[in-house]
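This is the structure I have questions about; it appears just below.
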Amino acid sequence: MADEKSKEAYGNGHKYMHTSNPDDDNEEDNAPAECGVGSFKPAALRMCASISVFTGVYSFSGLLTSTLSSYVNSQVTTLERHFGFNSAQTGLIMAANDVGFLVMVLFVSYIAAKVHIPRSLALVTILFGISGIMCAMPHFMFGAPSPSGGNVRGGDVSNMTSPRSFRSFSGQICDGVNDTSSECNVDVTNNGLSKMADKEDPDNRARANAGVALAVIVAGMVLQGIAKTPRYSFVTSYVDDNVDKVKTGFIMGVMTSLAMLGPAIAFTLGGMFNRIYVTLQETDMHFRHPKWIGAWWLGYVTFGAAAIVFAVPLFFFPRRIKGGKRVKKPASVAQKVNVIKTVSTFLTGFMAAMVRLWTNPVYIFVVLSSCFLLFSVAGGQSFTPKYIENQFSFPAWKANMAMAGMMLGTACLGTFLGGYITKRFKMGPMVSLKFVMAMQMLSVIFTGLMMAFSCDQPYLYNSPGPRASADTSLGGCLDNCACDNDDYFPVCGDDGRSFFSPCHAGCLDIVGKSYVNCSCIEGGTAEAGMCDYGCPMFYPFMICMCCSALFGTFSIIPKLIIYIRATEARDKPLALGFSSFMSSITGWMLGPICFGKLIDGICIQWEHGCTGSGSCRLYDNENFRWKLLGYQTAFRFMGFVCVVIALIIAKVTNKFDKVKDVPKDLELEVSLINGQKGDNHTIVKPV
């Protein structure tokens, strides 16, 4: 009897994980469903009583809610320039999304069977929109540096907002005076007669309030994670309760496929917004300008507002569609009396199930494999745009466009082909293990090959740093310049050489966008930004990255089959939930933070502002390559080793001898699993 109660309680756990009601708890009802809100139920809204209409409407809503976690990856460099964040802080922003998910996932899954699902989806989609707009608020709270126009000659800054603004956007020129006090406490004109603090300068305000800005953005990302938690569990429950089970897989596949486009759209729009200056003002600055800040906040506002708009139609869908299951009635008073006993029984069954999972070595090693793999993916992918910018001398918008193309091709194609191969060849768990092992080995190989394609560290002539390249052709060109060695502002001379700053190039004047009368440059002129040294290694690098991601996504569906078949039927829901939980913590939460700290350690030129060290201005590209790609390769290899161990154990113990083929209801199970994994980006982010 106790065993039956335990099974019954764990059966509720099964319902809790899949968030769908058992057939015996619900009756099918062919009464026409009413569409609308309250007394507002016009005949025109009866079209909402259709699962096809729901699929179409929610597909766009689901697409929007899968954008912001990838959009923030496209704005790492921009946020660092605006607020002076370091990579560890931007990594915290990216991890905050999964904090919200983990906080709410259990509670949300439990209440799914008790709420009006379409209206609940509408509310959480609105919350998602609000969280996006919230992330954009620091821009409106603290402002941004306004680009200046016009010609400035001989340090005449009378037409500028302040000398501080002039130096911020133009760098220091060779004037024979090395007065760094103008950076923070006072602004100094060349004749030394005017000293005035410019406390209201937007550049100072944004950086002085960087802690507040970070807190607001992190809070917004946590809210975003909370808002995304119900998506797949609620939608899967609603679809499964309102259509024949054989159709559930197809409908969920349509919505999941569209959601997979979200990250690609996020990177594409991120690239477009990075081509617009943060204040939306017209400016003569180009994208390679050291002070260029893209309109990062536009994406948050755009995706947030769009989510709110697409949430409205969801309010009009009925609780159940004609022919769907009648929602279970609330518990009676007698049933409520037994709540404590029920909870106690459930916890007992839950702990027993956890023991069974932890003592299942095949399952545990496959979970560990996913943890290592996703740690590599989440951490590496978060900073790949930054790596492309620095390694291949790409502007931020171009790096984001490259990421968008890679994600669109690999996330969609790899996941689809992995599922197709699984179904086409009716792969059982043992074959799936071998397939996953082969795919992860190929992913390791191509990730390692990415390290072979790199570019030399660009020379910075007359730089005070250890990687400087002395200008021997024009010796003594800086004799009359007192340059601040902390004021990094690279310029490109007309002779194709990059200099540490206009002052280190011996430039005396600024005319429009050009620095002129530069004594260290043969032609005498320069422009802001590093020279484009035309590294040809970008395309082979991208080919290897696409192959690595493609082979990684091939293994998503086969690995899920292993989770299903390596555990007992009663433990299947918990097995899926536990793997999802672990991958969120070790991968999407810890990965960006750990890789952010790692990348901060390879900075060779920090920004020194009024509030202390800010963002990194220059990286050691060689160390960047070895550490970012090397650690990715190492963790992917550890994931591969875990799969090998799982395969050996399965063979020695004859784990799957009784399992010959894929279960007949694979399509439904895969669709439900996709829902579980979708909350943690396993599908929408390439592995």
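Cβ atoms here come from the backbone N, Cα and C positions, even for glycine.
Keep in mind the model is a prediction, meaning the values are calculated, not measured.
As annotated in TrEMBL:
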{"type": "COMPBIAS", "residues": "22-31", "note": "compositional bias 'Acidic residues'"}
{"type": "DOMAIN", "residues": "54-657", "note": "domain 'Major facilitator superfamily (MFS) profile'"}
{"type": "DOMAIN", "residues": "471-522", "note": "domain 'Kazal-like'"}
{"type": "REGION", "residues": "1-33", "note": "region 'Disordered'"}
{"type": "TRANSMEM", "residues": "51-72", "note": "transmembrane segment"}
{"type": "TRANSMEM", "residues": "92-113", "note": "transmembrane segment"}
{"type": "TRANSMEM", "residues": "120-142", "note": "transmembrane segment"}
{"type": "TRANSMEM", "residues": "208-227", "note": "transmembrane segment"}
{"type": "TRANSMEM", "residues": "248-273", "note": "transmembrane segment"}
{"type": "TRANSMEM", "residues": "293-317", "note": "transmembrane segment"}
{"type": "TRANSMEM", "residues": "362-381", "note": "transmembrane segment"}
{"type": "TRANSMEM", "residues": "401-421", "note": "transmembrane segment"}
{"type": "TRANSMEM", "residues": "433-453", "note": "transmembrane segment"}
{"type": "TRANSMEM", "residues": "538-562", "note": "transmembrane segment"}
{"type": "TRANSMEM", "residues": "574-591", "note": "transmembrane segment"}
{"type": "TRANSMEM", "residues": "629-650", "note": "transmembrane segment"}
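Describe the structural context of each listed feature in the structure shown, including burial, neighbouring residues and relevant distances.
Remote same-chain residues near the transmembrane segment (51-72) are listed as 79, 90, 93-94, 97, 118, 121, 125, 128, 131-132, 135, 221, 224, 227-228, 231, 235, 238-239, 242-243, 251, 254-255, 258-263, 265-267, 269-270, 299-300, 303, 306-307, 310-311, 313-314, 317, 321, 407, 678, 681, 684-685 (criterion: CB distance under 8 Å, separation of at least six residues from the stretch ends).
If you look at the transmembrane segment (120-142), the same-chain residues 6 or more away from its ends with a CB under 8 A from one of its CBs are 58, 61, 64-65, 68, 72, 82-83, 202, 205-206, 209, 212-213, 216-217, 219-221, 223-224, 226-231, 234-235, 278, 296-298, 300-301, 303-308, 310-312, 314-315.
Counting residues 6+ beyond its ends, the transmembrane segment (293-317) has Cβ neighbours under 8 Å at 35-37, 45, 48-49, 53-54, 57-58, 60-61, 64-65, 67-68, 71, 74-75, 78-79, 81-82, 118-119, 121-123, 125-126, 128-136, 138-140, 144-145, 220, 266, 269-270, 273-278, 280, 396-397 in the same chain.
Within its own chain, the transmembrane segment (401-421) has Cβ neighbours under 8 Å at 70, 73-74, 257, 260-261, 263-268, 270-271, 384-385, 388, 394, 427, 435, 538, 542, 545-546, 549-558, 670, 683-687, counting only residues six or more beyond its boundaries.
Using a Cβ-Cβ cut-off under 8 Å and counting only residues 6 or more beyond its ends in the same chain, the transmembrane segment (433-453) has close neighbours at 366, 369, 373, 376, 421, 427, 537-538, 540-541, 544-545, 547-549, 551-552, 554-555, 558-559, 562, 625-626, 629-630, 632-633, 636-637, 639-640, 643-644, 646-647, 650, 687.
Beyond the transmembrane segment (538-562), the same-chain residues lying 6 or more positions past its ends with a Cβ under 8 Å from any Cβ of the stretch are 362-363, 366, 369-370, 373, 377, 384, 388, 391-392, 394, 402, 406-407, 409-411, 413-415, 417-419, 421-422, 427-429, 432-433, 435-436, 439-440, 442-443, 446-447, 449-450, 453-454, 576, 646, 662, 666, 670, 673, 677, 682-683, 686-687.
Long-range contacts of the transmembrane segment (629-650) within the same chain, counting only residues at least 6 positions beyond its ends with a Cβ under 8 Å from a Cβ of the stretch, are 361-362, 365-366, 368-373, 375-377, 379-380, 429-430, 433-434, 436-437, 440-441, 443-444, 447-448, 450-451, 562, 566, 595, 598, 656.
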Quick test of the contact rule: Cβ under 8 Å, at least six residues beyond the ends. What residues does that give for the transmembrane segment (362-381)?
73, 91, 94, 433, 436, 440, 447, 552, 559, 562-563, 566-567, 575, 578-579, 582-583, 586-588, 590-592, 594-595, 628-629, 631-636, 638-640, 642-643, 645-646, 649-650, 653, 655, 681-682, 685-687
As a quick check of your reading of DSSP, tell me how many residues in the domain 'Kazal-like' (471-522) are helical, how many are strand and how many are coil.
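Going by DSSP assignments, the domain 'Kazal-like' (471-522) contains 0 helix, 15 strand, 37 coil.
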What parts of the chain pack near the transmembrane segment (208-227), using Cβ distances under 8 Å and only residues at least 6 beyond its ends?
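Sequence-remote neighbours of the transmembrane segment (208-227) are 65, 68-69, 72, 79, 83-85, 89, 92-94, 96-104, 124-125, 127-128, 130-132, 134-135, 137-138, 141-142, 300, 610-611, 614.
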Give, as a single whole number between 0 and 100, the mean pLDDT over the domain 'Kazal-like' (471-522).
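Over the domain 'Kazal-like' (471-522), the predicted model scores a mean pLDDT of 84.
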